[in-house]
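Structure record follows, encoded as C-alpha cells.
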C-alpha cells in the first residue's frame, strides 16, 4: 500500500509543479504592468523558479543526511504555498518578485529529489514504468491550474487570487507527508543494518574505497562528503548526462519559441497558439508510447534517444522551410511526441546506468544539470533570436543539436551497457 501512496504523491508533485509553471503565463502581463518592469525580467523570475526546482538537488542531497525524505519534502511543500501567499500579500517591486520565486523554486526542489529517490526505492525494476505512468499528470496540471488561477483572478482580484492559490499549493505538504520510507525486511541473526549499508554492488567502487582510506584531501572528500568522482566508474554515464542536457535544452527552446515560430512563418496569432496545442497533444501521446515501451521492456538507447532525436531533428529542420499551417502543425505534433518519449526514457533509464550505491549521486547530477540547462536554453535561444533576427535560426540550431546527439547515442548503444531497465551491476 505504501508504494501506491508514494506513486500518488509523485503524480501530485508533477501536477502542481508543471501546472504552476504554466500558470505563471496568466500572471505575466499583469505583473509587468503592476511592478512597472519589462517582460524579460518577469520571465527571468519565472525561469529561476523552474530552474531552482532542479538546481538545488545538491542541497537536498546534503539535507537528506540530516533529515528524512518525509521531513524535507513536507518542508518544501510548505515553502511553496507560503511563497505564493507572500506573493499576494507582499510583492510590490521587482526584487520582492525574485525573492518569492526563488523561495518557491527551492520549495519545489526540496520536494523533487526525495520523491524521485523514494519512487525508485519502492518500485525497483518497475520504477521506469511507474515514472512514465505518473508523467501523464504533468498534462493534467498544465490543463487545470492556469484556468483555475485565471478564474480566481477574475473573481477575487490579483492579490486575493494569489493568496488562495498559495493555499491550494499547500497541498504539497501532503505530498511530503506521503513520502513513506521502504519497510526493511527482518535481517538474519548477526547481520546489522550498518553492515548491509557498507556493502556495495560496484566492484570498482569497493576498490576505490580501499584506495581513499589514505590520508589525502581527495580521499577525505570522497569518503565523508560526496563520492562524486567514483560515479564515473560506470560506463557511459557522462555520455548519458550530456545527451540528457541536449534533450532538455532542445525542449526548453522549442517550448518557449514555438508560438514565435508560427508568427515568423506568417501564421495568425490564433494559428500560432494552436501549434502549442499540437505539440502538447503529441507530448501526451509520447508519454503513452513511453509507458508501453517500458511495459514491454523495449526502452533502450535506440528507442529513447536515437529514433526520437533523429525524427525530432528532421521535424525541427523542416519547420524552418515551410510556412504552411498544416505542415507546421504535423511537424510540431511529431516533435512533441518524440521529445516526450525521449524525456520519459532518459529519466526512466537512469537507474540502469549506475549501481544502487550511486543512484542518488546520479539523480543529483542529473537534476543539477537540468537546472542549469533550463536557464541556458532560454537565454541562448533568446540571444540567437535577438542577434540573428529570426526564430528560424533558433529551430535550425536545435536541429543541429539533435544531429550532435546522434553519434553520442550510437556510442552508448554500441557498447556493452545493458539495454532495458534492469539495474546496472
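A Cβ is built for glycine as well, from the same backbone N, Cα and C atoms used for every other residue.
According to TrEMBL, the features are:
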- 41-60: transmembrane segment (TRANSMEM)
- 72-92: transmembrane segment (TRANSMEM)
- 98-117: transmembrane segment (TRANSMEM)
- 129-149: transmembrane segment (TRANSMEM)
- 161-178: transmembrane segment (TRANSMEM)
- 237-261: transmembrane segment (TRANSMEM)
- 273-294: transmembrane segment (TRANSMEM)
- 301-323: transmembrane segment (TRANSMEM)
- 329-350: transmembrane segment (TRANSMEM)
- 362-384: transmembrane segment (TRANSMEM)
- 390-410: transmembrane segment (TRANSMEM)
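Long-range Cβ contacts of the transmembrane segment (237-261) within its own chain (Cβ-Cβ under 8 Å, at least 6 residues beyond either end) map to 231, 272-273, 275-276, 279, 305, 309, 312, 316, 319, 328, 332, 335, 339, 342-343, 346, 349-350, 353-354, 362, 365-366, 369-370, 372-374, 376-378, 380-382, 385, 391-392, 394-395, 397-398, 401-402, 404-405, 408-409, 411-412. Listed as Cβ neighbours of the transmembrane segment (390-410) (distance under 8 Å, sequence separation of 6 or more from its ends, same chain) are residues 239, 242-243, 246-247, 249-250, 253-254, 257, 260-261, 264, 301-302, 305-306, 309-310, 312-314, 316-317, 319-320, 381, 384.
Only pairs six or more apart in sequence are counted, and the transmembrane segment (129-149) with the transmembrane segment (273-294) gives three or more Cβ pairs under 8 Å, enough to call it a contact. Counting Cβ pairs closer than 8 Å and at least 6 residues apart in sequence, the transmembrane segment (273-294) and the transmembrane segment (329-350) reach three or more and so form a contact. If you look at the transmembrane segment (329-350), the same-chain residues 6 or more away from its ends with a CB under 8 A from one of its CBs are 127-129, 131-132, 135, 240, 243-244, 247-248, 250-251, 254, 258, 274-275, 278-287, 289-291, 293-294, 299-300, 303-305, 307-309, 311-312, 315-316, 318-319, 322, 359, 362-363, 366, 421.
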